[in-house]
Amino acid sequence: MEEGGRDKTPVQSQQPSATAPSGADEKSSGKERRDAGEKDKEQELSEEDKQLQDELEMLVERLGEKDTSLYRPALEELRRQIRSSTTSMTSVPKPLKFLRPHYGKLKEIYENMAPGENKCFAADIISVLAMTMSGERECLKYRLVGSQEELASWGHEYVRHLAGEVAKEWQELDDAEKAQREPLLTLVKEIVPYNMAHNAEHEACDLLMEIEQVDMLEKDIDENAYSKVCLYLTSCVNYVPEPENSALLRCALGVFRKFSRFPEALRLALMLNDMELVEDIFTSCKDVVVQKQMAFMLGRHGVFLELSEDVEEYEDLTEIMSNVQLNSNFLALARELDIMEPKVPDDIYKTHLENNRFGGSGSQVDSARMNLASSFVNGFVNAAFGQDKLLTDDGNKWLYKNKDHGMLSAAASLGMILLWDVDGGLTQIDKYLYSSEDYIKSGALLACGIVNSGVRNECDPALALLSDYVLHNSNTMRLGSIFGLGLAYAGSNREDVLTLLLPVMGDSKSSMEVAGVTALACGMIAVGSCNGDVTSTILQTIMEKSETELKDTYARWLPLGLGLNHLGKGEAIEAILAALEVVSEPFRSFANTLVDVCAYAGSGNVLKVQQLLHICSEHFDSKEKEEDKDKKEKKDKDKKEAPADMGAHQGVAVLGIALIAMGEEIGAEMALRTFGHLLRYGEPTLRRAVPLALALISVSNPRLNILDTLSKFSHDADPEVSYNSIFAMGMVGSGTNNARLAAMLRQLAQYHAKDPNNLFMVRLAQGLTHLGKGTLTLCPYHSDRQLMSQVAVAGLLTVLVSFLDVRNIILGKSHYVLYGLVAAMQPRMLVTFDEELRPLPVSVRVGQAVDVVGQAGKPKTITGFQTHTTPVLLAHGERAELATEEFLPVTPILEGFVILRKNPNYNL
């Protein structure tokens, strides 16, 4: 068939094959075969198609004739044919298909035409045809010399193709070639409105992002498209480098403000961490109800604005931002869920389920370590409920079952039980401030700080109570009061509190532990603010300490304070890293890495993660270890345990990978895979840090693959790996009441029944799993996982960095540092109010959140939902939407406290 077809091919006579060299022979035979194939296809064409093909060929030939009067009608007809060819989206329109072989001829005809209307007309047609050719951006070239008629007339596919070519062309032109960019900009100004009007908002955004002109979006957006455009822009933020990410956020923010969507704009201003902008958005909104909603959002994020007193409803707004009602709203939720009954640690341990060989529970002997564990568990489980069975009735009895530092932590747990209840809580703690035991007094001071965590009070009770003890003769008293102040004023950047604390670091009586805790507290108070006084004081303290002092395990808190001060500030840390160069190794590497990872927390910065992986892959030989026996970073009283030395900064690097990647899901998935490798092949220092990193990447989100990994390493031969893995299990399941995790931990409790340290960790993990009886979360992200609370990250980092030396800090005397988690505790609830802020129960659908970025129409945002009546708990990755049209939410993200308005268009 093919042979016959080839013989009959009319084109053959035109081939110059006789004189061509052999390469051309091959080409010509290929051409023949293709032509033969086309001939076959010709035979398959329907009558209609054949007629169309002949007509188009005749039109092209007419353009090649000398009679110019025929050009215009021929071009008109060609254009009509191309435009009217309605076809499926999956195949090339027929006219374009049939004209494709004549593309070269049409270009020749165009070149030979006299300038004028006809020539422009021909350019338009060639531009459309160029879509089917893989030429050198000829679609754009001929568009620019064409008649400049409306883009829309050629259809969507043409506009999309043109947009792609504009973007490529733009990138090849330098800034100097402005004149050549002008016609491209004119085209863009046509393409963007067309895309906006035809449900292709994301294509318009992509084009403007490619040519770095995102600001042009604002004027083309209408009421219907703005939410989609802004959703697309904000979801691109994770994937573009500085400073483009800020430009995208600012563009979306401008769009929201244009349409008076203040809550959404405020959320983006918080993402930018631009406090002036936050204040500007808040004050420029004249709707009091919306302002109250924004005040709730600021309160949740831990931001407090000093409003002028002439602002309408000043007192209400200040009270909401201060989180004064947080405790009463939380207790209302608890009553609604019927979980007010206090729990005792045994309810959590479920010891009656443990099948010991001797019948009943084997470890009934009261040991100070187990009582300490029970103090923490009791605090975690009854957190914020205001009552328990160990401390609130007759606390002294329980406190004296603990020893020394155990008393401090046990007394402080009272603060956790009374969390956020400033007025009622402080009166209950007050009696312990007069105890004869310094440890109990110190714990009570810490409890005062904990109660005030996240809540502002005009009277400043925490400052009034704790300030007298900051320079107390007893270092024990200093610890409680300083850490208490750090927790009470975390994120406030209050100058008066910092002025009180900073001198403690340089005080001659302060032990290394006190200096470290002071640095930590200052870092928490000034978190993410780059406060100059905090930076200079901590740096000075580091410089003044001798090499031996810097080997103390508590020295790690000094650079952590520095890092927290610059949390999320990116390149602002260059000067600090330079200043740290004078410090001797190994402390220098440790401090540098720690400050560096804090600066990029939650940024998802891939380059930083690569640097950290390089640090993780460094290898320290055993010979070096022998020589460096004197260069120890951690002091370790147990000489059998070889302390970590040069590789200490590697542990920080591992934590850093999690800290940077936790911001976006793809990065977190990739980090997860990396951690698997590190656990198998890494140095001991690395392996000890990996469980902590896994905890950070999945806080309060008990994913099975992570739990299984941690469960495996909770039986590791290296005790520190197993301690950290067990604690990490608690962090991953914190506040979820996850049944599978609870069962795992009960099995571990039996497995480690004879090992007090591991058992202590299991108990802590059990307490965390049932945090606030399953109503609280430690996850630093909120508002649909868009916003990272810096205070929460500071609290988590405080604890995790301390766990890098779990044996000396957590299992030593400094377990009080676990209360750093208080800064991250938040209720995971949705409560709805009416405009007068009265609780308003409405039905809501709660289901798994679905990513709807860039989808056409109005797709469903949740799947697999159940309908509940507010107040309701939201798990990780869940989203809520109203199930009734009677009310409209003031903010689109239903989380935390939401104000609802009556829907004016609602008909009963």
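Backbone N, Cα and C atoms are what each Cβ position is placed from, and that goes for glycine too.
What Swiss-Prot records for 1-51, 623-645 is region 'Disordered'. Annotation comment: Swiss-Prot describes M1 as N-acetylmethionine, evidence class similarity to another entry. The phosphothreonine annotation in Swiss-Prot covers T9 and is backed by similarity to another entry. Positions annotated as repeat 'PC 1' by Swiss-Prot: 409-442. According to Swiss-Prot, the N6-acetyllysine annotation covers K551. Annotation source Swiss-Prot lists repeat 'PC 5' at 560-589. Sequence annotations record features per position, and here Swiss-Prot assigns region 'Required for interaction with UBLCP1' to 708-903. Under the heading repeat 'PC 7', Swiss-Prot lists 742-757.
Residue counts for the repeat 'PC 7' (742-757) under DSSP (helix as H, G, I; strand as E, B; rest coil) come to 12 helix, 0 strand, 4 coil.
Residue counts for the repeat 'PC 1' (409-442) under DSSP, split into helix (H, G, I), strand (E, B) and coil, are 27 helix, 0 strand, 7 coil. Counted within 10 Å of its Cβ, the other Cβ atoms near K551 (N6-acetyllysine) come to 21, all protein chains included. Using a Cβ-Cβ cut-off under 8 Å and counting only residues 6 or more beyond its ends in the same chain, the repeat 'PC 1' (409-442) has close neighbours at 323-324, 326-327, 330, 371-372, 375-376, 378-380, 382-388, 391-392, 395, 398-399, 402, 448-455, 457, 461, 465, 469, 474, 476-477, 479-481, 815-816, 818-819, 822, 825. Taken residue by residue with DSSP, the residue listed as 'N6-acetyllysine' is part of neither helix nor strand, so it is coil.
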